[in-house]
């Protein structure tokens, strides 16, 4: 392995400088470069997008696959770049068990024939569920995961780089400030009254040098001091040391200012790159909005298929000769339809609710299970746990009944009711 000691030492020095700058900022001992308000808003919006996208993604995964073991298995297959085995849904498994039971009990028996029909419906529901899962995973989950594992990682990487460059920039500012303070101290003319030895009298040449240096600082260089014949005296040595310190600090200031300009340029360039990535969050929202619409459409199509399959199942069960009816009103409606040779029920929308009269017999009490808001004037709004009177009329859809509550009357859905004996 090629190990570069110089590079390692340089990286360690940079890390230590950043750590010192970060610590001093936290302690309030160093200034911090603040980003503009627009940039801060972009970062806050990006963090909010990441937070809620992650939550929505995780919960959608739970919705589509409630079994955590199955989710872990799918994750492992995905990381190993292998195709996950096809797994039947719970509905399909239930339908298979029902059909196997029907074969054991005998398909010709009422229970066996009903199990066969219900099992077939459950298998169709399970197939529709699997199709919904696959469609949702492709159209909704995949774009969310691509954002979290792709775009967001890029944004996070660039933000970390920007933060490191900001620490470097602030460290350079601190270094320039300290260098200028030290240069100002070194540039001050020395006080020979305090620096000379006790009972030591300045020579004429040294006094002349001191007066000259106090008046101008143009000679605070080695070459300038060497013009004086007394350069080898004690005070000339002090002057040389002061000149050396002043020159060194001047060079340090120039070096620090150069590093500051370089750090400022790198910081500005990285800030612009990060800003462009953060502004791309708006495009991400547009893309996720489109995916959300596709998810809703897939869900609506799934529930529509389920409703269709359940309606077909109810019709099949009604045709069975010895099928058990859930309530007498459905049986009456079905029998009336068969005896009159009606091929399809009359649309309930053609019924005029105000003209419907309660029959002399056949009315029942029903308990409302859930709240229901009427979709139009022909329906009756319901409140959970209240009792109403219900009955059916010839030609009415078996999924609906006529409900009465005092002087109010209208259609009510059977699934929201518990018929009482």
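Including glycine, each Cβ sits where the backbone N, Cα and C put it.
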Exercise for the section: Out of 155-182, 183-210, 211-238, let me know the one TrEMBL marks coiled coil. Expected result: 155-182
Problem - Annotated stretch (coiled coil, per TrEMBL) among the listed ranges 246-273, 274-301, 302-329 - result: 246-273
Exercise for the section: Mind checking which residues of the chain, 6+ beyond the ends of the coiled coil (155-182), have their Cβ under 8 Å from one of its Cβ atoms? Expected result: 14, 17-18, 20-22, 24-25, 30-33, 43, 46, 249, 252-253, 256-257, 259-260, 263-264, 266-267, 270-271, 273-274, 277-278
